[in-house]
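Heads up: the structure comes next, in structure tokens.
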Amino acid sequence: MNFEHISREDNEIYALIEKELERQQNGIELIASENVASEAVMEAMGSYLTNKYAEGYPGKRYYGGCYVVDGVEEIARERAKELFGAEHANVQPHSGSQANMAVYFTILEHGDTVLGMDLSHGGHLTHGSPVNFSGKLFNFVSYGVDKDTEEINYDVVRELAIKHKPKLIVAGASAYSRIIDFKKFREICDEIGAYLMVDMAHIAGLVAAELHPSPVPYADFVTSTTHKTLRGPRGGLILCKEKYAKDLDKNIFPGMQGGPLMHIIAAKAVCFKEALDPSFKEYMARVVENCKELGEQLVKRGFKLVSNGTDNHLILVDLNNKDITGKDAEKLLDEVGITLNKNTVPNETRSPFVTSGVRIGTAAITTRGFERRDMEEIADIINETIINRDKDLEQYKQRVEALCEKYPLYK
């Protein structure tokens, strides 16, 4: 990218931008919620569209001069609908959390009961955590994973639904490595007369590539981010049935947000177009292939995977048998250039600031070009770094850099 002007006008920030590029280039990015956006997406984010205020929706703005950005938003909405087979799309949410909030405000009243996945079992803050707005404004009841299989037990979900009679059931997760059966969730919702919202932020790319069953035919509302497996800009997306469109849209604007970020909406449109290309399906297939292989290689080295494997882009590693916490593993591996995040595991005994596990994803490294054969080396570096954590780690840092040199970023 061309940084001619910022390098001249603000060298302090420019230096940090270059430093971050160096960090990304020389490190292996395994955070499951991160990816590498294309230069086309980034060009849209840095475009002249950032100058335009456009409160409202296409054809009904509160500012003049919106006829160009109206076209941008229309394209983004139509591409999102085409990509996921949805009746309606709202591309204005600034984040996934705001997308979830908008759905809640569309169909819930303060204090209504909602059934969502427990954060410590793989859910998300906005699925009812008591420290989040969702847990403060609504009466969330949590479901988790089975103690033995570490997968969702739909019979237990049904029992909880019948007992608590939630107005809404939230399906979806931030750290769950198995296929989610949206049809079963729909059946449970129909049995008790509840709405179904699916948060597919993590698996949106897999859904687009038809590598995970789509929630769209079953859910009343589907929310997502656009920057994880979709490889787009940081932002949110909501899909819904047409009958909810009007109420949903007014809960985004004027309910929660003012002016939409038109440069980000343009970048969303670009990423939707990229995801509609046949090459995107090939990319997502490689993401899953790499994740499965990395998981298998870690198991060979004595690591315990939650649910014993993966069906998607991430694995959750239980470190209880490795005599190291998630917090310490995250810090240790960062020292050699491998970035991942500490994560709670089912039946967690440690605090969320320490944790007994780590979450690993392969979306970003697959975008860079990492192949299945590289997963053995990554697993080996992770294992040996943890084993030899009290020794000099320079050799592992060099091995990471050698791998990264094979797959340059933005070159």
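Including glycine, each Cβ sits where the backbone N, Cα and C put it.
It should be emphasised that the depicted structure is a prediction, and the values quoted were computed from it without experimental measurement.
Listed in Swiss-Prot for this protein:
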type    : residues                                 : note
BINDING : L119, G123, H124, L125, S351, P352, F353 : (6S)-5,6,7,8-tetrahydrofolate binding site
SITE    : H227                                     : site 'Plays an important role in substrate specificity'
MOD_RES : K228                                     : N6-(pyridoxal phosphate)lysine
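A map of Swiss-Prot features onto the structure.
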| residue | record | Cβ within 10 Å |
| --- | --- | --- |
| L119 | (6S)-5,6,7,8-tetrahydrofolate binding site | 25 |
| G123 | (6S)-5,6,7,8-tetrahydrofolate binding site | 25 |
| H124 | (6S)-5,6,7,8-tetrahydrofolate binding site | 23 |
| L125 | (6S)-5,6,7,8-tetrahydrofolate binding site | 16 |
| H227 | site 'Plays an important role in substrate specificity' | 25 |
| K228 | N6-(pyridoxal phosphate)lysine | 27 |
| S351 | (6S)-5,6,7,8-tetrahydrofolate binding site | 10 |
| P352 | (6S)-5,6,7,8-tetrahydrofolate binding site | 15 |
| F353 | (6S)-5,6,7,8-tetrahydrofolate binding site | 9 |
Take the C-alpha atoms of H227 (site 'Plays an important role in substrate specificity') and P352 ((6S)-5,6,7,8-tetrahydrofolate binding site) and report the distance between them in angstrom, rounded.
24
Sorry to bug you, but what's the C-alpha spacing from the residue listed as 'N6-(pyridoxal phosphate)lysine' to P352 ((6S)-5,6,7,8-tetrahydrofolate binding site), rounded to the closest Å?
22
Cα-to-Cα gap, G123 ((6S)-5,6,7,8-tetrahydrofolate binding site) vs the residue listed as 'N6-(pyridoxal phosphate)lysine', nearest whole Å:
16
Max CA to CA distance in Å over the (6S)-5,6,7,8-tetrahydrofolate-binding set L119, G123, H124, L125, S351, P352, F353?
16
From the binding-site residues H124, L125, F353, pick the residue whose C-alpha lies nearest to the C-alpha of K228 (N6-(pyridoxal phosphate)lysine).
H124
